[in-house]
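Chemist: Supplied in C-alpha cells, the structure appears directly below.
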Amino acid sequence: MSYPNHSNPSSFILTGIPGLEDAQFWIAFPFCTMYFMAVLGNITLLLVIKMDPRLHLPMFYFLSMLAAIDLVLTTSTMPKLLSIFWFRSHEIDFEGCVAQMFFIHSFSTMESGILLTMAFDRYLAICKPLRYSTILTGPTIAKLGLAAAVRGIAIITPLTCMVTSLSYCGPRVIHHSYCEHMSVVKLACGDTQPNSIYGITVATVVVGLDSILIAVSYMLILREVVGLSSGEARLKSYGTCGSHIGVILLFYMPGLFSFYTQRWGQRIPAHLHILMADLYLLVPPMLNPFIYGMRTKPIRERVLTLVWQ
C-alpha cells in the first residue's frame, strides 16, 4: 500500500494535557516550582560532593551520576512543557522531537541502571563491609557508570532510528506534553508493529530485570539488618531502606503506568495518563537529592555550612 507522503514532517504539535487546556496555565506553576527544586537540589548535590573530599566515596560518586542524569532528564522536557502551558508554544520541529524522545528514554534507562548500582553499593556496604573497598575501586565505579550509560544509549538508539525511518502522512498532532515514543509512532502510516514490539520488550526487560535485582538487593540488606544487635541501628537502617525503596517505586510505577497506558489503556482518561507521565519525569528528580542526599549526614552538614556561612 502506498502513501502520499513518505518524508518526515517538518514539525509536530504537542497538545500538552488533553482535556485540561484551560487549566494548563495554572498547572504550570507547581510544575515550574518542582522543576526549580529539582535543578537546585541536583546542582547543589553535585557541587557539595565535588567540593568535599570526605564525600569522594563510591556511594557519593553513584549519587553524582544520578544527579547528572536527573538534570538532563528534567531539562530535556520541562522548558518546552512550560512554554506550552504558559506561552502556547505547541510546535516542535521533527529533529527536536526525535532528540527529546532519545534523551527521555535513554536517560530513563540510564537512571534505572544507576539505581541498580546504588542498591548493589548498599548491599556491599551492609552485607559485605570487609570487602567493600576492595570490590568498589575507582576503576570499577567508572565501569559501572559507563555500563549504565552505554546500555541506555545502545538500547534506545535503534528505537530512535526506527522512528526516523517511518513515514508520516497523517495529522501532526501529538496528544502529549512531550515526544514520548508511542505518541510519535501513532502518527506514522504503514506497519508500526516492529516499533511497538521493540518498545514494549525493552521497557519490560529493563524495568523487570533492574527492579527484580534491586528488590533482591534490599531483601538481602533487610535480612542482614534484622540481625543487628542495636535497636537504634536497625531503626536507622529501616528508615534509610524504606525511603530508598519509596523513591525507586516512584520512578518505576508511574513510568510503567505511562508506558502500558499508551498501548492498552484506552479507558483511562487522557489527562490522568499525561499528568502521570509528566510527574514521572519530575517528581523523582526533585526527591532524589533530598532522599539520597539530605538524609546523608555529611552532605546535610556541608549544605548547612554553605547556607550559614
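Note that Cβ sites are derived from N, Cα and C of the backbone, with glycine treated the same way.
Feature list, courtesy of TrEMBL:
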- 25-48: transmembrane segment (TRANSMEM)
- 41-292: domain 'G-protein coupled receptors family 1 profile' (DOMAIN)
- 60-78: transmembrane segment (TRANSMEM)
- 98-120: transmembrane segment (TRANSMEM)
- 141-168: transmembrane segment (TRANSMEM)
- 197-221: transmembrane segment (TRANSMEM)
- 241-260: transmembrane segment (TRANSMEM)
- 272-292: transmembrane segment (TRANSMEM)
Chemist: Ranking 25-48, 98-120, 141-168, 272-292 by the number of C-beta pairs under 8 Å to the transmembrane segment (60-78), which range is first?
Modeler: 98-120
Chemist: Are the transmembrane segment (98-120) and the transmembrane segment (141-168) close, by which I mean at least 3 Cβ pairs under 8 Å that are 6+ residues apart in sequence?
Modeler: yes
Chemist: Counting Cβ pairs closer than 8 Å, which of 25-48, 141-168, 197-221 has the most of them with the transmembrane segment (272-292)?
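Modeler: Maximum Cβ contact count belongs to 25-48.
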Chemist: May I ask whether the transmembrane segment (197-221) has at least three C-beta pairs under 8 Å with the transmembrane segment (141-168), counting pairs 6 or more apart in sequence?
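Modeler: Since 3 or more Cβ pairs under 8 Å link them, the transmembrane segment (141-168) and the transmembrane segment (197-221) do come into contact.
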